[in-house]
């Protein structure tokens, strides 16, 4: 046991040192070739687009090719036309909404202390801040999402996101522009009030994008994070939200499940899980 503990400790130390060295080299290159504005706005936008599409597009391929279908949560598939419509709208929203928001919010982040210069923050600070962002985002998102499921806001705003009752990775950011601004606040409020290093902001953005793409991917794999991380929602948790009528969906949280558990908005989902464990198939839920 001691041998394995020592090996793990040395491996962790080795990776930590090399990651920090790589981070220093990367940061040095970036800050000597680009301005703070270019990095915070254009760099963040490029990073977001790269991570979002590279992580989301494979799920379109899986669905079209019928690969790993035994792990697909719903049997229904989206048509190629519906998938292409999603991609087209996403590009429009990203350039027409997301990029301007990054540009116009830049002075706020700078005022609150965001920087891209050396030294880099310690891994302890980065971890603490990112964990805080996840917890705060989940809390704010939960209540904002519940508000969007009130009758008028659902009909005029949130129904756009629910056009896809069978979600795939890229549908995670397919929404009405008003919703992008409204729920997007949950993602940026943490960094906005703490003024983190740009590296921390980028890490948070990457993890948040990967999380929401996975939650909408439509597949529950044996290696899905929800199988290993307590209170983590994942695709199975959020897919339930998409396939039911808006008045009965529940499961409003973005990352974790405890908010829905505390306020009883996951009762239908938990009941369904119990029925499935007992070998009873879902038969009474209404699908869109």
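Placement of Cβ uses the backbone N, Cα and C atoms for every residue, glycine included.
No curator has checked TrEMBL annotations; they are predicted automatically.
Over in TrEMBL, the protein carries these features:
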type     : residues : note
TRANSMEM : 37-62    : transmembrane segment
TRANSMEM : 90-109   : transmembrane segment
TRANSMEM : 121-143  : transmembrane segment
DOMAIN   : 130-265  : domain 'Fatty acid hydroxylase'
TRANSMEM : 180-205  : transmembrane segment
Note to self: Can you work out the mean pLDDT of the predicted model over the domain 'Fatty acid hydroxylase' (130-265)?
What the structure shows: 96
Item checked: Long-range neighbours of the transmembrane segment (180-205), counting only residues six or more past its ends (CB under 8 A) -> 23, 27, 36, 39-40, 43-44, 47-48, 51, 93, 97-98, 101, 105, 108-109, 111-116, 120-121, 125-126, 129-130, 132-133, 136-137, 140-141, 144-145, 148, 157, 173, 254
Checklist line | Composition by DSSP (helix, strand, coil) of residues within the domain 'Fatty acid hydroxylase' (130-265) | finding: 90 helix, 5 strand, 41 coil
